Structures are given as C-alpha cells and as structure tokens.
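Colleague: Following this message is one structure expressed as structure tokens.
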Amino acid sequence: MNQTAGASNNVRCPPGKGHKELVGSNPPQRNWKGIAIALLVILVICSLIVTSVILLTPAEDTSLSQKKKVTVEDLFSEDFKIHDPEAKWISNKEFIYRERKGSVILRNVETNNSTVLIEGKKIESLRAIRYEISPDKEYVLFSYNVEPVYQHSHTGYYVLSKIPHGDPQSLDPPEVSNAKLQYAGWGPKGQQLIFIFENNIYYCAHVGKQAIRVVSTGKEGVIYNGLSDWLYEEEILKSHIAHWWSPDGTRLAYATINDSRVPLMELPTYTGSVYPTVKPYHYPKAGSENPSISLHVIGLNGPTHDLEMMPPDDPRMREYYITMVKWATSTKVAVTWLNRAQNVSILTLCDATTGVCTKKHEDESEAWLHRQNEEPVFSKDGRKFFFVRAIPQGGRGKFYHITVSSSQPNSSNDNIQSITSGDWDVTKILSYDEKRNKIYFLSTEDLPRRRHLYSANTVDDFNRQCLSCDLVENCTYVSASFSHNMDFFLLKCEGPGVPTVTVHNTTDKRRMFDLEANEEVQKAINDRQMPKIEYRKIEVEDYSLPMQILKPATFTDTAHYPLLLVVDGTPGSQSVTERFEVTWETVLVSSHGAVVVKCDGRGSGFQGTKLLQEVRRRLGFLEEKDQMEAVRTMLKEQYIDKTRVAVFGKDYGGYLSTYILPAKGENQGQTFTCGSALSPITDFKLYASAFSERYLGLHGLDNRAYEMTKLAHRVSALEDQQFLIIHATADEKIHFQHTAELITQLIKGKANYSLQIYPDESHYFHSVALKQHLSRSIIGFFVECFRVQDKLPTATAKEEEEED
C-alpha cells in the first residue's frame, strides 16, 4: 500500500546495515535572508491576486445582495409609475403635453418656450379625469365622475372652461341639465364640438352657442349613432368612437349600429341589494344574429342633410362589417368593408356629396384577413394613398408592406406599386411628407421583437433609412409622431429600458430635448433585483420560434429553479418583445426565484402569414405543440427543477393554459405540477361572433372545428395537478358561463381544481385594489405550488413503487 507523508508528520526510515549517511552530523545553517525575501515575494503575489480579484469583480455583483426584491406593492407604487406626457402636435412647431405634476403645457420646439395652459391644481379641483384643448387654444373640455362601460367606452360629466382661468360651464343637451354624456370632443376647427347623449349626436358651432341635435335615431342599448356597440368596440373598430370629422370641419361621418336583432346577454349583480339584479346588453355569439351597420355623412353648415354611403354591390357582402373609416379630402371618405366570414375585404372611396362609393382595392384570403382596421395615409389632393397589405415574400408566406395607389386624371384605373418588401412587417404607417417624397413608418425589419422608426423614399429607388436605430440608448421598441410639416418628431422609447420621450429634428435626427426621462422609475429599477432577460430560438418543424426567458438577478447554473410558462397566443398577438414591463411575473422571478418563459409559436403575429394562419380551424392543437417544445427545451437545462413546472394564461391564453395543462412529457408522465387560467374561453360557440368565426369559420355551416376545440375534451385528464380558475362574475367579454361549463366537466372528471371569483367585477378590473388582490392571488398560488417540502422527485417515486 502506498503511503504519503504529510508535511506535519514526517516518516523517517532509519539507516540499515551497510548504509552510510551522506551528510555530516552537524546541522546546516539556515539562510534567514533568503527566507525573508521569499516570504516577501509570496506576500506581494498574494496582494496582487487579491487586488486583481477585487478589480475584476463587477460592481453590480458586489452590490446585488443590497438591492431590494420587486414586490406586489412596487407594481402599484408611485416609484414604478411610468409617466406618459401624452404629447400631441397641434402645428408645425408646437405640441401640448401634460407634465408629471399635472399642468398642461404648450411648448414651441424651435424657441423652446413653454406656456402653461392649465394649472394642475385646477384639474385637481375639478377632479377631472380627462382634458382636451380646443383647436384655437381658447377653451378646455374636462370630464369628471367618469364610469367605465366596456374596455374603451365610458360615461361622465363634462364642463367647458376658458383658458387659463375661466369658470367651468356644464355641457348639456338643451332638454336636460346636469346630463351624463357618453362622449364629448372638439372638431378640427375653432371651437366646434359634438357630444353624444342617449345615442343621439349634438353639435355646437362654437362655445356659447346652443347645441342642436343633428342625429335623432338613437335608442339606448339598441341603436348607436357615432358610438360602437360592444362587438364593434371590442373586436372590429377596437375603439368606442364611431364618428369621423372631415378635415375642414364642415362634415361629420358617423356609423349607425343596430343591435335590435342581436340576442341579449344578462350580467348579474349579486351585491348591494336583497335580490340580485341584471344588466342586459346585446352580445352576438358565434352563429347568432350580428349587428347591422350603415355609414352616414351629415353637413354641419346650414340645414343638416343626412346621406348614407352605399356598401359594395357584391353577393359576398350580404353581411358585412365596417372596419375602417378615414377622410381623404373634405368631400371624399375611405371605407373598408369586410364580409362576415372575414375573408373578403373591399376598400372604397365614397363621395360625401352623393353617397356613391368607388372600389379602390380588394383583398381575399383562404383563411382570414388580418389587420383590417388600419387607416391609409392620403396625399393632400386625395389622388394618392399609402396602405399596408400582405405581399408574398417566399417560403414564409406573406408579410405586411406599404403599397401606394395613385389615380390618374381622366382614368378609372389606379397604379399600384409596393414601396417596401422583405421578410418583415410594416406595423404602422405614420406620415407622408409630400415635400420630401418620404413615407414614415414603424417596422420589425431589425427583429420581430423590436419596433424601429423608418423612412422610405416614395419615388425612384424607395431607399429606406432607420431613424431610431442607435438614436437613444437602450431603446429598440419605439413609437413616434410627427409635427404637421414633418420637420420634427416625438420619439417614445418603450423599451427595453425605462420608457422615455424625446424630441428630434427629422432632417438630421438631432435630439433637441428630453421631454420625459422617468428618472424616479429608473432609480427604483436600479435599486431592485430586476430579472435577467434572455432571448433564444427553438426549431419546430419548418419554423424558428422566438422565446423569452426571465431569470432571477442572482441566477446561478448550480441552483434549481421552478419554471412558469406564460401563454397568450391570441392569433396575431406577440408575447416576445423588448417592451419595458414590470408585472406580477417580475415579482415571481425577483422575490420568489422562479424562471418564466414565453414563446411566440404558430398563430402569433409578425412572423409571416404562413405561421399566423396555421392555426385556422384547429385552435389549441398546434399552439400546444409549440409551447410544449419550449418547455422541453427548458427542461433540458440543469438549473430547472423538473418537479416544479407550471403554466398560466389569460383570456385566449387561459384557453391555451387549460388546453396544455394535461399534456404529457416524453416519458408519458405529467409535465406540469399546476396551472392557472384567468377568464378562460372554454367553448368558442359561447364567445363573440367576430372572434370565433374569424378563426373557426361560420358556426352552423360546419361545426366540427367548434366541437374539436372545446376544453371539455381536454379536462378529463386533469386529476392530480393543482388547477386555479379565476373569473369575474360580471365579465362582459368572456362570460362567467365559460367557467361554469368548464367546472361542470372538471367535477365529472374528479379534477383537483380551485375557483376564485370577483363578484360583480368586469373583465378589465378597473379598480387598483382588485388588480393588487388579483396579482397577490396568482403569485400566492404559484409560490405554494413551487414549495419544495413534501415534494418527491418523480423518478424516485416510481422506483419506490417498483420496489414495493
């Protein structure tokens, strides 16, 4: 056996017979000087090593432990409140914005002079929620005691006040005092304004003049004039406003939406009275009667003459939606008509003096037509307009690009030409500069998860230039607006850094000044353990799918973290972006050491129409495959605890999270420990007609797609996993009926579920207190699910069963 002699326990072998000592018997003299030099050298080397370690260690690592973790309280605190100045251009050089302290300011870009139009204390004294300045800057319109109706719509009281210190004057219809209005807003000129009361439209030529009722056919809850009903607000126009001023203010286009044949839905109110009450409203479900719509134009100078714009004479348009209205000139209005199946659209230019509409462009799809409510941009004479349409770009299908349509004098034919092309999307056209022959737009040309501001020449070579690339630090996701002559632009950086707003010269991109830096939010972020964000791609069949991973700030490869998959997946949506966000997911990562992953799979937007429309008539099926591939990719990482994996989704994402929860892993074992769904869609025949029919076809013609996508077919496998369902009982978008139907199936399948309800609350949780409670509930559920104690690794459990 080999033995090793330690330095402190020397083993000495005595000399045997016949062996001679090779050294003398006198002990050697020690070299004390050499030893001292050696020790000094060692000390110098050690000090150099220590110094190097200190210098090379990142400062953030040494200070990380001193930083606070993000909490639920942070989400709703002033420290984390992003201030949006809501800047709006009103001329070639001037814009109006609201400063952080509340005052409304007029600022001149060239002189850098600022004028206070409205003191913040005046807004506070009126308890005003919204304000709007008249075009002549003489008056301000305030709204207060505002109550939400649906996602965008609201009712409230309105007052007018002369700038800067005038007394407030109530805005009311002639026949009613102290009226709660559905809408009020200025026109494009002077002090002209309209307001809507009981679905009728009233017009004031200027402040002080009595309002006149110009549209009188309204019927509360049934016939809407100038406003959207529920379906148009939520799914079609995506706005509560359904009226449009001509540029010169002489005419008003408005939609009349008739819900008289649409079935009624009743939302119960359980609290506040001995017997529950109900709120009825018209809600078209898949296959039921839809609202009818017509577009009218009224003249505002002289006698009001009401003229209806004629829809296309096309058999495919027997039932249609109006998805976009935009004035081209003071007498021409552009309208997009979309058939109920949402696979044929016709863009027309209507004469506001005759009602005759001329077809300018037609689009058709074998699946569905996406992005149908986007407005074209017109030249001043209306002969040329720019619009976004899907153009084939090779194997990845179609991408959305700018097309220009030019009409020639004395000719019925228009010239169509593409301005942009490539495997990326134009996400929005912003402005057209006729003087410089440039079009300004946002696009994903850099990366699908980014948004940058570009310009393109509209003549000759169509050369493009990125205006926002490398313009502002830590800013890759932007939006923008231009002054009236396009000499200046406001750049709103929305991420990945803390949002900022800056003002730039268009010619040389020079930054003129910072309008909002959100410095307090930046300080709060710097003081917190914010998640590390990583981006990856996974290969699924013929697609390369983007993935976003949020890791704790203190992440190390040697630890084991629970994994949460967050799904949205609404067709055309995007989860993986570089926008700045601080949400309950941030809290789960920062305070509770979870890893969160998101993946934009088939059905998501901004990666071509081929990937987008793969999910047609089979919602859930392909999304499950892609999301599970993202989970499998993460489970290959050593730092992920395979016994603590969860999934969460909201709305359509709630449908997907419930669909995915029973999914099996590669060894046919359960992948997910738990899951949660907030306001889940569970049966598409119970959901809004425009949404369900867009992706599954018209209900009643072929219902197989509706039957196949029911969650009832999936939840029978939910036995062991913890499952939390959260739903508001007065949800006007996804009715509690969805959850009730799901629970019936869960009980039959003996599933382990929990239900949390919010009595009498709407879909959008307008109350801050309820939003905070909701965040705590979701976080608390996953923290409990991820607890390590009493958890037995799956492999160990199986081995013990085999031994028994």
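Heads up, the Cβ atoms here are built off N, Cα and C, so glycines get one too.
According to Swiss-Prot, the record shows the following:
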| type | residues | note |
| --- | --- | --- |
| COMPBIAS | 1-11 | compositional bias 'Polar residues' |
| REGION | 1-25 | region 'Disordered' |
| TOPO_DOM | 56-804 | topological domain 'Extracellular' |
| CARBOHYD | Asn112 | N-linked glycosylation site |
| CARBOHYD | Asn113 | N-linked glycosylation site |
| CARBOHYD | Asn258 | N-linked glycosylation site |
| CARBOHYD | Asn343 | N-linked glycosylation site |
| CARBOHYD | Asn410 | N-linked glycosylation site |
| CARBOHYD | Asn474 | N-linked glycosylation site |
| CARBOHYD | Asn505 | N-linked glycosylation site |
| CARBOHYD | Asn752 | N-linked glycosylation site |
Colleague: Between C-alpha atoms, which of these glycosylation sites comes nearest to Asn258 (N-linked glycosylation site): Asn112, Asn113, Asn474, Asn505, Asn752?
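Modeller: Answer for the nearest of the glycosylation sites: Asn752.
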Colleague: For Asn113 (N-linked glycosylation site), which of the glycosylation sites Asn343, Asn474, Asn505, Asn752 has the nearest Cα in space?
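Modeller: Of the glycosylation sites Asn343, Asn474, Asn505, Asn752, Asn505 has its Cα closest to that of Asn113 (N-linked glycosylation site).
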Colleague: When a 10 Å sphere is centred on the Cβ of Asn343 (N-linked glycosylation site), how many other Cβ atoms does it contain?
Modeller: 17
Colleague: For the glycosylation sites Asn113, Asn258, work out the Cβ neighbour count at 10 Å and name the residue with the minimum.
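Modeller: Among the glycosylation sites Asn113, Asn258, the lowest count of other Cβ atoms within 10 Å belongs to Asn113.
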Colleague: So among Asn343, Asn474, Asn505, Asn752, all listed as glycosylation sites, which is physically nearest to Asn112 (N-linked glycosylation site)? Use the C-alpha atoms.
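Modeller: Sorting the glycosylation sites by distance from Asn112 (N-linked glycosylation site), the top entry is Asn505.
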Colleague: What kind of secondary structure is Asn258 (N-linked glycosylation site) part of, going by DSSP in three states?
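Modeller: Going by the DSSP assignment, Asn258 (N-linked glycosylation site) falls within a strand, counted as strand.
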Colleague: If I take the alpha carbons of Asn505 (N-linked glycosylation site) and Asn752 (N-linked glycosylation site), what is the distance between them in whole Å?
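Modeller: Per the Cα atoms, Asn505 (N-linked glycosylation site) and Asn752 (N-linked glycosylation site) stand 60 Å apart.
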Colleague: Give me the count of other Cβ atoms within 10 A of the Cβ belonging to Asn474 (N-linked glycosylation site).
Modeller: 12
Colleague: Provide the number of Cβ atoms within 10 Å of the Cβ of Asn752 (N-linked glycosylation site), excluding the reference atom itself.
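Modeller: Neighbour count, Cβ to Cβ under the 10 Å cut-off: 13.
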Colleague: How long is the line from the C-alpha of Asn343 (N-linked glycosylation site) to the C-alpha of Asn474 (N-linked glycosylation site), rounded to the nearest angstrom?
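Modeller: Per the Cα atoms, Asn343 (N-linked glycosylation site) and Asn474 (N-linked glycosylation site) stand 40 Å apart.
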Colleague: Can you grab the distance from Asn474 (N-linked glycosylation site) over to Asn752 (N-linked glycosylation site)? Cα atoms, rounded to a whole Å.
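Modeller: One finds 45 Å between the Cα atoms of these residues.
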Colleague: Average the pLDDT scores across the topological domain 'Extracellular' (56-804) and report the rounded value.
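Modeller: Residues in the topological domain 'Extracellular' (56-804) carry a mean pLDDT of 92 in this prediction.
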Colleague: If you count, for each of the glycosylation sites Asn112, Asn505, the other Cβ atoms lying within 10 Å of its Cβ, which residue has the minimum?
Modeller: Asn112
Colleague: Which secondary structure state does DSSP assign to Asn505 (N-linked glycosylation site), in the simple three-class scheme?
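Modeller: For Asn505 (N-linked glycosylation site) - judged by DSSP and reduced to three states - the answer is strand.
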